[in-house]
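Worksheet: the structure to be examined is printed underneath.
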Amino acid sequence: MRTWLLLLTYCGTRYAGWQVQPALPTVEGEIEKALQQLTGTFHKVLGSGRTDAGVHALNYPAHFQSSQNLTPREWHKALNGLLPPDIVVRNVVEKSTDFHARHDSIGKRYAYLIHNAKERNPFAENRSWWIRQSLDVKAMRMAAECLVGRHDFSSFRARHCNGPDPVKELREITIGKTVSPWGNLIIEFEANSFLQHMVRIIAGTLVDVGLRKRKSISIKGLLKQRDRTQAGQTAPSEGLYQLAVHYPDGLVSWPKELLINPFRIIQNSEELSK
């Protein structure tokens, strides 16, 4: 058996998430169906993490094992010929038989996209969260600073989340204006791993701060309370994008030109005026 690693990009709008679910369309299910059409046998596809219904992925690793004697180029071309247009295989590489797309990862990066404007953007439907009231970005940044570091994020996970360890290392939260056809405000998150709905609950809580529904300093108290009911709303899934999965040096190396991140953060007022 040989292990093949896929680099995927997909639009999550039509899917009930990554993981196979009975009678529902899922990204994993579509890839497994394409593999069965191609080879005549079932191949289990293992992703680098679960994405919820409606969530998008830009650079998503997943692997499968097969005894088929195909080259990376042949897998790449054949799968893209069988997959629906909202799922694309961007690269295929062979890995050692003990490689695992999720277990071998050491970090993940997500982006949450907001369209903050008085009028709805028709091109942003299912691509971002429309918020018509003006957001206080400075207050949101102050609140985000309270979350960076190693904490118990029990207040920021889904009530039905069964992750065994709520302690995560949130390495970075960056909030800034962005130039995108789908939105104008981006929140980027990087951590060793995330709890279920963690990014969306943090994004929703930061938006509450931006709308002046809660104070920046209150975020510290939420960490101590470890109570989901005390944190903010869960942001809609359509604004969430998986950006990257990190591995130990030398384990996975994608060509830089393949990696997608369309959300350039504008760092200062000089750039804003360009």
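The count begins at 1 with the first shown residue.
Each Cβ is built from the backbone N, Cα and C atoms, and glycine gets one as well.
Unlike curated entries, TrEMBL annotations are predicted automatically.
According to TrEMBL, the protein has these features:
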- 10-103: domain 'Pseudouridine synthase I TruA alpha/beta' (DOMAIN)
- ASP52: active site, nucleophile (ACT_SITE)
- TYR110: substrate binding site (BINDING)
- 143-248: domain 'Pseudouridine synthase I TruA alpha/beta' (DOMAIN)
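Secondary structure at ASP52 (active site, nucleophile), taken from DSSP and collapsed to helix, strand or coil, is coil. Taking the C-alpha positions, the distance from the residue listed as 'substrate binding site' to ASP52 (active site, nucleophile) comes to 13 Å.
Taking the domain 'Pseudouridine synthase I TruA alpha/beta' (143-248) as a whole, pLDDT averages 95 in the prediction.
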